[in-house]
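Okay, so here's the structure we're looking at.
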Amino acid sequence: MAGVPVGALLPLLVGVCGAVTGSRVYPANEVTLLDSRSVQGELGWIASPLEGGWEEVSIMDEKNTPIRTYQVCNVMEPSQNNWLRTDWIPREGAQRVYIEIKFTLRDCNSLPGVMGTCKETFNLYYYESNNDKERFIRESQFAKIDTIAADESFTQVDIGDRIMKLNTEVRDVGPLSKKGFYLAFQDVGACIALVSVRVFYKKCPLTVRNLAQFPDTITGADTSSLVEVRGSCVNNSEEKDVPKMYCGADGEWLVPIGNCLCNAGYEERNGECQACKIGYYKALSTDVACAKCPPHSYSIWEGSTSCTCDRGFFRAENDAASMPCTRPPSAPQNLISNVNETSVNLEWSAPQNKGGRDDISYNVVCKRCGAGEPSHCRSCGSGVHFSPQQNGLKTTKVSITDLLAHTNYTFEVWAVNGVSKHNPSQDQAVSVTVTTNQAAPSPIALIQAKEITRHSVALAWLEPDRPNGVILEYEVKYYEKDQNERSYRIVKTASRNTDIKGLNPLTSYVFHVRARTAAGYGDFSGPFEFTTNTVPSPIIGDGTNPTVLLVSVAGSVVLVVILIAAFVISRRRSKYSKAKQEADEEKHLNQGVRTYVDPFTYEDPNQAVREFAKEIDASCIKIEKVIGVGEFGEVCSGRLKVPGKREICVAIKTLKAGYTDKQRRDFLSEASIMGQFDHPNIIHLEGVVTKCKPVMIITEYMENGSLDAFLRKNDGRFTVIQLVGMLRGIGSGMKYLSDMSYVHRDLAARNILVNSNLVCKVSDFGMSRVLEDDPEAAYTTRGGKIPIRWTAPEAIAYRKFTSASDVWSYGIVMWEVMSYGERPYWDMSNQDVIKAIEEGYRLPPPMDCPIALHQLMLDCWQKERSDRPKFGQIVNMLDKLIRNPNSLKRTGSESSRPSTALLDPSSPEFSAVVSVSDWLQAIKMERYKDNFTAAGYTTLEAVVHMNQDDLARIGITAITHQNKILSSVQAMRSQMQQMHGRMVPV
């Protein structure tokens, strides 16, 4: 070192080294990339020039640990340019690094004769590189970071006094992008010693905030940048809001956002989620601590989410986990009864122990017990009424009415709360036994007219529901409707029927009936109105002259012959005779023909069930398996064994629990309807179960299920005769219903059931008469939705359901049967179906469908309902086809499957057109004449082979026009194949 001996600096450097090696603990947010004090052995940095510039000096500290330093002190010579370069320093992902330099510098004023050449600064450079083996210093590659000046410099006196003047400077550089970099120190004439060089970058260290752990994160490239970091929840916790923090450029975490919550059964302790201790619990993921188990409960495991109730205590379903466990209440106290004829009033006091709950209510159980045999009791049944209600009472009194006279009753009053069902016990009830007094009979529910003539009405009625003793006699009160009870007559009878004679013809009379026992008369029934006839009925009785009888019979025969002849003549004029009166307006009853009675006309629907359906003891029924689910409950198969009869298989419809009175009434209405029918092609009602739960409807069991599914499952397996036989059975059943003036309204293959002998039976009689306005034309009813595709046009437009609309539906069923269960109108929407039918389109014949059957379908689909055949005519026609199988051999299509285009009855006769132009003009599609000509379709023989793709290819894209053309094409094709006649004479 020119001008200043190196030895003069060594004592001072030893002191300095002792100071800098005392501690090497750095902040947690700093990651060291290079620390010259930690290098074992020589640093081996490259100096330029190799000699006369920077020198590496090794000095021992007080622990005899070598400290490697670099010195330079060429203060005597001008124009110094001494470079010192570090080894390659890996970046390790840092975008900004910091250089900490500890150094000493000689005061130029303390050196004589160097004022022109001595400097008190040096320069710091860096160079980014992916090459860690560069051997030479290329000054032009380096970029200057800063000029470094000393805050304090030392003199010769300081050396003598061993005064330490160590400088520390920190500089940063970035952003960095390559794998590593080199640092360089340029001396321009200073007397300097580099004691240590440390290169580091800053990070935000791993930390836990709000139960979220944030990993070590390197700071951003700029001194003001913030790095967003998403945290992860610690063990046994879950996110409430997404946990985030920002890592600042100084390595400090800023702005915590979001947090995690300890899972159920865990609480926050010392920044962790630790399990709840024994005897504590936590039910939800919240930020609260574990809570001690509420009264009458405990936990025996760490991490409990709830506490177990003590023996005899319970928790209701809606009770929070924080609520104490409770128990059922004790029995009500001080039960008092007051009997008034066939009514009883009960009052009681609240139980002594409410079980720790406030939701106390009361249930009353009524039992009818035999005299002297209190242990032989049975439920009072549904005929007894409770006011305000039987169960869920909030008051401590109840009135019970409609009891039987002179009968022993036991009433139990149960106190219940939210946990009673977990441990029901007789300890929760108090009972009282009473005997009712004598009482008058209850009102009669129903009066029927068995026969009405010009001057008389034959009445019959059932015994009152509660006779309350022996009925001594009945009293009938009647009067003309117009008199409004101002003038009435009384007739008394000991039987439950009577003939009221001497009435005026064509007059409405109102009748009331009441019963009398030893306790007196009961109330009159409600009014029942009947109207006498205008024409006298023929009477043939004892003493009638045989000659007169013979003449009457002969006259009747002649009259029948005349009527038949008139019908034949009329039949020749019209295919089917038009009805003189709409079917739904025919109200007169033919003598000897049973007529359907609508159960909804009964004031008490239960009376209709009792009248038309047989009550079956539930013990006679064995349910075997569930075969389906209906609107009201499950449908099961099972067996019925009635005493004295053989066991049979049955289908069982059940009414699901929790039903309303309306649901029960609607459910049983189907039984009231079915019970009136007796025909081999109508599903047979075996009976009902109404006196216990579940309420059930029992019908015969049909092994093959619904007709549509059965046909799809057996596609193509039946002969045409077999299919026609099925249709004949359905038609026969519908004729029977029509003769009884019953309109089905929902005739479809899905509502026809098939037994093991392929006998088809009409079912599903639960359909409502109430239809909603629905723009989608799918009317909602109590029995489900009626698709438009089965419904006659007048029923859609005017809600006019008649036997004629059932005939339309029967035609659709015929199509379903012959197509083996295909969906009518395929995937067309309801609105498209309505529009197509209105425009005169009809379904084409299914594959291999005989012409005669398709013609019968088209007859059923006549727009005018009076033009449609009656069910009797349909059955006769099917009988003729069955007797003449050859008539079923001619089919309307030779294709493997029918076209999905509807048939248009307005299609022209093939024989009436001779060219494509004539044909297009006939169907009003002449606008497409050029399209056909350009595509080469110049003859009708070529046209009849076209399909929908062909039409689209020649430029006909409108769906309605495609359908119209294709329907006419199909009709022409059929005419060619059949040799005569049109296929769709609608």
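Keep in mind that glycine also has a Cβ here, set from the backbone N, Cα and C atoms.
The record from Swiss-Prot ties Ile627, Gly628, Val629, Gly630, Glu631, Phe632, Gly633, Glu634, Val635 to ATP, and of the options Lys653, Lys662, Lys691, Lys693 it ties Lys653 to that site too.
Swiss-Prot marks one residue of Asn340, Asn704 as N-linked glycosylation site, namely Asn340.
Taking DSSP states H, G and I as helix and E and B as strand, the domain 'Fibronectin type-III 1' (328-439) has 6 helix, 57 strand, 49 coil.
For the domain 'Eph LBD' (30-209), the predicted model reports an average pLDDT of 88.
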